[in-house]
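Take a look at the structure below.
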Amino acid sequence: MQFQTVMVSLFINFFFLFFTGTKSESGQKDMELRKTSIYNTIDMAPQLDYYANTLPHQEIKIRPSLDVLRKTFEVRFPPVEKRSHCCEQLKQNKKDIYFLFFLSQMRCMLNIWGVILFLRLTWITSQAGIVLGLVIIALAVSVTTTTALSISAIATNGRVKSGGTYFMISRTLGPELGASIGLIFSLANALAVALHTVGFSEVVRDLMRSYGTIMVDSLNDVRIIGVVTVTILLFITFGGMDWEAKAQIFFFIVLMASFVDYLVGTLIPPTLLKKSQGFFGYDRDIFIENLTPSWRGPDGNFFRQFAIFFPACTGILSGANISGDLKDPSTAIPKGTLMAIFCTTLSYVVIVITSGASTVRDASGNMTDLMTGNSTSGCLGPACKLGWNFTTCVQSQACSQGLANYSQVMGLISGSYYLIVAGVFAATLSSALGFLVSAPKIFQCLCKDNVYPYISFFGKGYGKNNEPLRGYILTYLIAVAIILVAQLNIIAPFISNFFLCSYCLINLSCFHASIVNSPGWRPAFKYYNKWTALYGAMASFALMFAFTWWAALVTWFVISLLFIYITYLKKPNVNWGSSIQASSYNMALSFSVSLTDVKDHVKNFRPQCLVMTGPPKQRPALVDFVGCFTKQVSLMICGNIIMPDKQTQFQDSTDQYVKWLNKRKVRSFYTQFTANTLRDGVRYLMQASGLGKLKPNTLVIGFKSNWMESSPTTYHFFHILLRIWSNLYDNTYLLLFAANDISENSKSDQVKTVFKNAGGTKTIDVYWIADDGGLILLVPYLLTRRKCWRSCKIRVFILGDEENMMESRDAMMALLKRFRINVTDVVVMTDTERSPQPKKFLETVAPYRLYDEQQEDVSVQELKKKEPWKISDKQFEAFRLKSERKVRLNEIIRRNSQNTTLVLVSLPVPHGDCPSALYIAWLDTLTCGLHCPAVLVRGNQENVLTFYCQ
């Protein structure tokens, strides 16, 4: 009685809708006045317009900026009695066709019900019995119900546009998985049109043959009927959503009538003919006999019967797939989908119980099996007590009637067989029509997102409802092609797997969005759980392989290929706020916090570099050099100090430089710092950059090769910076990079440098002058891990004397071997004490010297106070030996490294009494005359290499 009450109520609702049409929007207009805050007339109160900025194709309304609020004096505006343009635009874009949640429920019910309901459910009851039959229904419904709960949660977490399942998955899991499943789900819907159309055609063909009508032959009759049918359905969709909706309502009414016909038939006393076919009306013995299973044939097991029944529970996405045509998808989708599952499940339960309680498994259909006496000896089965003896056909397995042998038992039980046939027609045609509408709408949303190339042509909409007419034609052509090929036995498993894959990803979307704890995950639907969503995802995944393992493999293989294409080749420039982004943040935050408890160890040392690049595109060689040995190894931060006079120029440049780094495939952060002076900016940036253990431990600076042409304050600052490093940052390492004009000239902003060149023989020369912990060896080793540097040779130059040259070389080779660093050669420099040719050096420092004999009335001390970077005679003589050693070392470097790709030299520590000009001249002397990049490296006297295991 409860089922009949629900059906009658729904029948009345849809009958009313069919004749009254769909509801239009109320003409009531709300007067929207400009509402302002009490603080300031231009400081607006909360309004919907400002939160609609994320909707596509809408004019963005922007709040007054903080700067405007600070500078603008209070101004009074006259009240505006019109709606804002944004809200008016939203109103204009609403569809004229609004479906109530009853219509969403109807679409789901029509797509869930199908030929399995009419032709296979009673047979499943005979195989599995009533008890296991109900268990099969419960297991199948558990998967679809958890999926429906996940759909409801996603659909109520913000406004859902058109695109249905694809829209929900892509906006939750991102374009990579969303677009992958969106394409094959659109195809699955198009193939389902052909599948259901052929199902309808086969029933029509059999009905025609029962009357002796044949057009051509069995196969071609199906093709002709199928093409004609799908063409008629196409014209219905061209009529608009209102025609399609009324057609679906008509099909629903027919289905309701067939159900009522079946239920009434179970109460009508059966005729002798129906009894001979196994239907006796409700009987206690028949019910008890049919409680237990009776497995028969190759499909006689629980899992096979479950696989046959499960497609009868799919179709729950039909309401979501037309989300763009729903007045309130957030309300209609949850209510409609869950109510559809409840009603269809109730109908399945009723049919299993009523058929199992009224029809025997085996019957002959012969009137001669009617027993005339009261003797039942030798008679088998519950029919014996009802006066029928089907023992002969049971023992010979020749029974053609009954639950186990006759597929149209529902027609047998019903009051009118032809109403059941009409129900089969309505079930197949409604499903075909529903998929013919769903596929183009999903594909239209996919086309508008521009994720795949060459498909935007099908995204164009027509009319006030934005109908995808081109998509309708494409779906029609696919369906016709499949109908003509008629290889449905191969296609059907893919359709089931595509739908199960969609269920899997929908549940995964809900689970993932729930577990990452994103503040944006706030579904209005509260009756869901992340663990039920996980169960639904795992169950759907397992069922794909349990039903047809080879189709499941093909499905996931295709999805993987699409995923790889979108992730690594297409790389769509979209930002949908997916849960993948939230998960990335959570993982990064969790790992960063967990690193704070990890103690530093020499085996895990990584050079985490703060690179003073300024605008990165101005120093591509410096960026490429550091990127080569930090990519996928350690942290790299490009720093830029913005002076007050350049703040306007660079205030909006962060995104521009990040894009430049990404285009150059350099994995680096970019940060800019505003300071009054360059000195303060560098000092603050060195202290503030990084997070926890992810803080820079290595400072990389580009050497100013034209320092002599710059103002004295520039190189004076440079020297002070190095002294700051040596005095204050005991845990920081230093790399000083001299590019030596190795960048190629190019008009493009992506200048090619030696560090980007692949191929050729490369050599790295390491002049290990001072043992500062081994950083000067670690950097070239990290470089050789890169593909373009993998085959390069490393030579190490060390100090020594001629007497102990071999011993020094062997000791160094042994040390490097224990460090597990492959070195081509070790060269002992024995001539470093020879007198150099300091002529060029003297010419370099001459403009910066304070000669005592040249001073007349002004003392050297007074000049030194005014120009502290200059060199007095006393200082020059005190550092003469050091200067000569730098000159001699440069002579050795130029002699040995003329054809080298990269030179690394130990950086001399700046002495406190050394003038700035003299120290910069030393650095310039060490690197001058080379035709390759030179890097001056200095550690902090802590080991970065070890040969121990602990």
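The backbone N, Cα and C atoms fix where each Cβ goes, and this holds for glycine too.
Automatic prediction, not curation, is the source of TrEMBL annotations.
Predicted, not measured: the structure shown is a model, and the values here were computed from it.
Here TrEMBL flags 35-71 as domain 'Amino acid permease N-terminal'. For 105-610, the entry in TrEMBL reads domain 'Amino acid permease/ SLC12A'. Positions annotated as domain 'SLC12A transporter C-terminal' by TrEMBL: 619-714, 748-949. Look at TrEMBL and you will find 1-24 tagged as signal peptide. For 97-119, 131-157, 177-201, 222-241, 247-268, 306-324, 336-357, 417-437, 472-491, 498-515, 535-568, the entry in TrEMBL reads transmembrane segment.
Away from its own ends, the transmembrane segment (535-568) comes close to residues 142-143, 146-147, 149-150, 175-177, 179-181, 183-184, 303, 307, 310, 451, 493-494, 496-498, 500-501, 503-508, 511 of its chain (Cβ-Cβ under 8 Å, at least six residues beyond either end). Looking at 247-268, 417-437, 498-515, the range that has the most CB pairs within less than 8 A of the transmembrane segment (222-241) turns out to be 417-437. Ranked by the number of CB pairs under 8 Å to the transmembrane segment (417-437), the listed stretches 177-201, 247-268, 336-357, 498-515 are led by 247-268. A contact between the transmembrane segment (336-357) and the transmembrane segment (131-157) is present, since 3 or more of their C-beta pairs, 6 or more residues apart, lie under 8 Å. Under DSSP, the residues of the domain 'SLC12A transporter C-terminal' (619-714) split into helix, strand and coil as follows: 45 helix, 20 strand, 31 coil.
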